[in-house]
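Quick notes on the structure that follows.
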Amino acid sequence: MIPGNRMLMVILLSQVLLGGTNYASLIPDTGKKKVAADIQGGGRRSPQSNELLRDFEVTLLQMFGLRKRPQPSKDVVVPAYMRDLYRLQSAEEEDELHDISMEYPETPTSRANTVRSFHHEEHLENLPGTEENGNFRFVFNLSSIPENEVISSAELRLYREQIDHGPAWDEGFHRINIYEVMKPITANGHMINRLLDTRVIHHNVTQWESFDVSPAIMRWTLDKQINHGLAIEVIHLNQTKTYQGKHVRISRSLLPQKDADWSQMRPLLITFSHDGRGHALTRRSKRSPKQQRPRKKNKHCRRHSLYVDFSDVGWNDWIVAPPGYQAFYCHGDCPFPLADHLNSTNHAIVQTLVNSVNSSIPKACCVPTELSAISMLYLDEYDKVVLKNYQEMVVEGCGCR
């Protein structure tokens, strides 16, 4: 990408995304002139311009709640659950969602604006006390969750496959128990566990099972208790061990297929949290495009198209979806007298009236009057997959203020 274009996109992003906040004044006039001169000069930037660009990228990353620019590993796998959740959250057309079997989790998302996914630390599977008597212990590293985020709920998702040639129907029931590990090893060599959730399932269905592990995750994150992990126990109710646990994908060793299958079938911990900013992840309905009358050289205040392509700022390697979005912007005159369609305030009307007789008083400005949110699916600095709701990212209406 041309360096000048990249700089221009960063400045446009800062103006559009941060406009209307105190950040808008972070670009001094001298800096604007310097950047413009560099762009017009063929794209070669001075050290001062490079520093300015870095400062703006840092500002934008802070707005996204990131300490530094993510540098994702090529081995990172985005769980299908997170992709499907993003698609459901982003209000895609119904006919485009036919391949999604899951239902939108209305209750967990109603109290959260952030969803994070975690895989267990596989290198800890061989530690003492990790597997005993059919119990599998899983340790999840939750250190990437910011301290300002409050966990509202959490679930452990396990994938299970149908057994085609299993036992008779009345012998095909299993119980799955999920425990919080209180002590990994005691004096007698056993784990001390606390039951979190349990369910009886039958082997004739292939699907994901979700278990509530909120109490444990809240203790680890809010109460700062030691995280010894979770334990999973699969019990055949008829004590038949031939198929016991083989269809529940809780360990790579139980999966005869390729590693590519394991990456999408392995246990998945999902946390729902809120950072205190903005609204929860309420599922949005698809908006109908606004019909605007064609205007001939209309210079009045109105909304204009502005598509932000994340590849233009080099962020497409860590932003999974969307590839970009229509941000829009407001531009145009606020002439006297202000017409009703210019969505003006009483103060703007008075200011425009005074300007008509005293030019030292500025006119009312064309600014966003209504903004909406977008959802972003991305990889954070720790290679964790995050779905987050960002407020005031799209201009829905303009007016003279």
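If you go along the chain as it appears here, the first residue is 1 and each next one adds 1.
Cβ atoms are placed via backbone N, Cα and C, with glycine included.
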- Task: Tell me, from Cys330, Cys334, which cysteine Swiss-Prot puts in a disulphide with Cys398.
- Result: Cys330
- Message: Need the DSSP three-state call for Cys398 (disulfide bond) to compare against my parser.
- Response: strand
- Packing count at Asn141 (N-linked glycosylation site) (other Cβ atoms within 10 Å of its Cβ): 15
- Message: Considering Cα atoms only, can you say which of Asn141, Asn204, Asn238, Asn358 is the nearest neighbour of Cys398 (disulfide bond) among these glycosylation sites?
- Response: Asn358
- Lowest local Cβ density (other Cβ within 10 Å) among glycosylation sites: Asn204, Asn238, Asn343, Asn358: Asn358
